[in-house]
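Features as listed in Swiss-Prot:
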ACT_SITE  146  active site, nucleophile
BINDING   21, 126, 127, 166, 167, 168, 169, 177, 207, 208, 209  dUMP binding site
BINDING   51, 169, 263  (6R)-5,10-methylene-5,6,7,8-tetrahydrofolate binding site
């Protein structure tokens, strides 16, 4: 994951200091892209230990269309706790937009089912897109979507995915985002009987928080290790039938975890 370390170096060297919604302060660049060949290993950061269990459960939670953190809490995942209300609700965040985007007629669009059907029927379509950025519902969300928009691309029997992330917490959030969308691409590829292509990550406001600088320097002092392997152990009937036990991560030997505060 040298690409990830190179991004950190780029922000430290070329970034500008900015204020932000949380009041923490950031060093930021605008517009950055990384590409990961998914056939060459699973892109999970190795210069610190990442909690893959949380990443998998969060993705399954998105795919369920849920917006209450009860499922996450049941599985000891706390990454959304700071934003939930007293009942555990987050408003119409990712899961709602992915699975039930509201229409003017009062119906809802299941974007995940729709895009998989499109990939199977029209793999050369340039409309293989899922969006979480629903302008009409942003004010109802506990947190506006950071990873806002993704597009699939099929060529030579391989499935690739590009994510546009409008706002990116590089130290804490980005390793989760890369791994999550890489895994989603693997799942969709399996459902569509396609081989793996690339995961392309594109960032808008791409930043390091001012209280993550010491941790960033520590991480940059570490040498990346070989990428792990992610295996999907079975092919369920649909994208919505995967269980946590269907995923096996092997050969992951990261450097120790680095603790850092979350900017809320």
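For all residues, glycine too, the Cβ spot is worked out from N, Cα and C.
This view paints the features noted in Swiss-Prot onto the structure.
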residue : record                                                    : Cβ within 10 Å
21      : dUMP binding site                                         : 10
51      : (6R)-5,10-methylene-5,6,7,8-tetrahydrofolate binding site : 14
127     : dUMP binding site                                         : 10
146     : active site, nucleophile                                  : 18
167     : dUMP binding site                                         : 20
169     : dUMP binding site                                         : 23
207     : dUMP binding site                                         : 27
209     : dUMP binding site                                         : 23
263     : (6R)-5,10-methylene-5,6,7,8-tetrahydrofolate binding site : 20
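When the recorded positions 51, 146, 263 are compared by Cα distance to residue 21 (dUMP binding site), the shortest distance belongs to 263.
Close to residue 209 (dUMP binding site), meaning Cα to Cα within 10 A, are the following recorded positions out of 51, 146, 263: 263. Checking each of the recorded positions 146, 167, 169, 207 against residue 51 ((6R)-5,10-methylene-5,6,7,8-tetrahydrofolate binding site) by C-alpha distance, the shortest gap belongs to 169. Here the binding residues for dUMP are 21, 126, 127, 166, 167, 168, 169, 177, 207, 208, 209. Their largest Cα to Cα distance works out to 35 Å.
The (6R)-5,10-methylene-5,6,7,8-tetrahydrofolate-binding residues named in the record, 51, 169, 263, extend over a maximum Cα to Cα distance of 19 Å. In this structure the alpha carbons, written CA, of residue 263 ((6R)-5,10-methylene-5,6,7,8-tetrahydrofolate binding site) and residue 169 (dUMP binding site) are 9 Å apart.
Separating the Cα atoms of residue 127 (dUMP binding site) and residue 146 (active site, nucleophile) is a whole-number distance of 21 Å.
In this structure, residue 51 ((6R)-5,10-methylene-5,6,7,8-tetrahydrofolate binding site) belongs to neither helix nor strand by DSSP; it is coil.
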